[in-house]
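**Student:** I have a structure I would like to understand better, so I am pasting it below and will then ask my questions one at a time.
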Ligand SMILES: *Cc1c(COP(=O)(O)O)cnc(C)c1O
């Protein structure tokens with residue numbers, strides 16, 4: 001490596017163990033400061049859906065920099081109006097609030113759910129049911145509904161009234177519902193917690209429980225949304241409609257932006273003064289969102305994921321059949337996980353040494369979340385390297 005890592009790290013709060021410095025991206029590849037090229041099957045944690053060489057996307061940002069970068073939310077801006085329309089159209093929601101990150105979208109969604117339920121039942125305590133192994137972000141509210149204890153416990157007390165059900169276990173959800181439950185929050189496909197897709201029975205069952213009990217269903221589509229699963233949003237595989245969704249990650253394809261969106265009746269619960277953000281939805285961020293939606297449509301990105309998914313699955317399944325330490329392959333679309341007996345960190349590290357970027361999810365899941373423009377040749381290259389690594393590690 002070129003850069004002195006010790007020196008590079010001296011002024012950061014040490015929350016990440018980093019080794020590589022990337023200086024450039026080209027298509028599906030990242031280039032480090034020694035000029036070495038890596039196949040990127042992590043997309044900056046499911047963000048860079050369009051890869052690194054989309055000229056139309058880059059030009060739209062350059063143009064917006066010249067036009068207008070920031071004005072605050074005291075005024076309308078044209079890209080935000082257009083982006084909100086695109087997001088509503090794609091998700092079946094009616095109204096959007098733009099944020100700067102995923103965690104901030106979760107915060108807004110939780111506030112909206114509490115406020116809405118109290119417009120109908122003022123005495124509701126605002127209790128929330130979340131899922132074990134969920135991940136919703138690092139801010140205090142988002143952390144409160146995150147199902148991994150070691151993320152939460154050092155920072156308690158968090159917001160109260162949160163209980164955790166077992167994902168894909170409808171009875172465990174039912175058992176936690178009380179008259180004070182205002183919201184159920186979950187990912188349509190759990191990412192960070194180990195790539196666990198919801199079963200259709202569970203998704204439909206939770207929707208029905210919410211309807212029967214006047215509970216707001218919040219689906220976190222921050223990682224699994226924006227085409228990653230072969231539908232624009234992962235919930236669209238299940239034939240249900242949530243009350244609130246959160247989006248971020250690939251929403252801006254690299255420009256920091258998130259959003260929460262809701263159906264009309266619920267959205268109306270927030271009125272002027274209830275919520276705000278200085279940057280959220282600024283012209284630069286929402287120009288990125290607009291261009292992302294336009295390119296998705298023009299270049300048939302979601303259809304491409306749907307079309308290539310069987311190929312990716314087949315290749316991963318045949319790898320798993322060959323290597324005993326690969327326990328299971330699971331996921332939807334371009335969001336796949338390999339459960340491995342070999343620690344995921346070791347595999348991810350070995351892959352880096354061979355010029356392949358992967359991400360772990362927990363201790364034993366290798367997470368594959370490539371840019372959505374990945375082609376068969378990239379899947380082949382990844383599988384060839386994974387085959388090599390598992391062969392070496394199993395020897
Ligand atoms: C990444 C992620 C978040 C948090 O998003 P940030 O932008 O990092 O705050 C929330 N929920 C899910 C499902 C995520 O994958």
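Glycine is treated like the rest: Cβ placed from N, Cα and C.
TrEMBL: automatically predicted annotations, no manual curation.
The annotation pyridoxal 5'-phosphate binding site is assigned in TrEMBL to 102, 103, 135, 220, 221, 222, 223, 278. Under the heading N(2)-acetyl-L-ornithine binding site, TrEMBL lists 138, 277. TrEMBL lists 249 with the feature N6-(pyridoxal phosphate)lysine.
Buried or exposed, and what's around them? Tell me for each listed feature.
**Tutor:** A C-beta separation below 8 Å, combined with a sequence spacing of at least six in one chain, links residue 221 (pyridoxal 5'-phosphate binding site) to 91, 187, 188, 233, 234, 235, 245, 246, 247.
Under the DSSP three-state reduction, residue 138 (N(2)-acetyl-L-ornithine binding site) is assigned to coil, being neither helix nor strand. Long-range Cβ contacts of residue 138 (N(2)-acetyl-L-ornithine binding site) within its own chain (separation 6+, distance under 8 Å): 103, 151.
Counting every protein chain shown, the Cβ of residue 249 (N6-(pyridoxal phosphate)lysine) has 27 other Cβ atoms within 10 Å.
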**Student:** Taking ligand 1 as the reference, state which of the binding-site residues 103, 221, 222, 277, 278 have a Cβ closer than 6 Å to one of its atoms.
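**Tutor:** Passing the 6 Å Cβ check against ligand 1: 103, 222.
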**Student:** Could you work out which of the binding-site residues (103, 277) has its C-beta surrounded by the smallest number of other C-beta atoms within 10 A?
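**Tutor:** Output over binding-site residues 103, 277: least Cβ neighbours within 10 Å is 277.
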**Student:** Taking the residues 102, 103, 135, 220, 221, 222, 223, 278, which the record names as binding pyridoxal 5'-phosphate, find the longest CA to CA distance and state it in Å to the nearest whole number.
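**Tutor:** This binding site's residues have a maximal Cα-Cα distance of 25 Å.
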**Student:** CB neighbours of residue 222 (pyridoxal 5'-phosphate binding site) within 10 A?
**Tutor:** 29
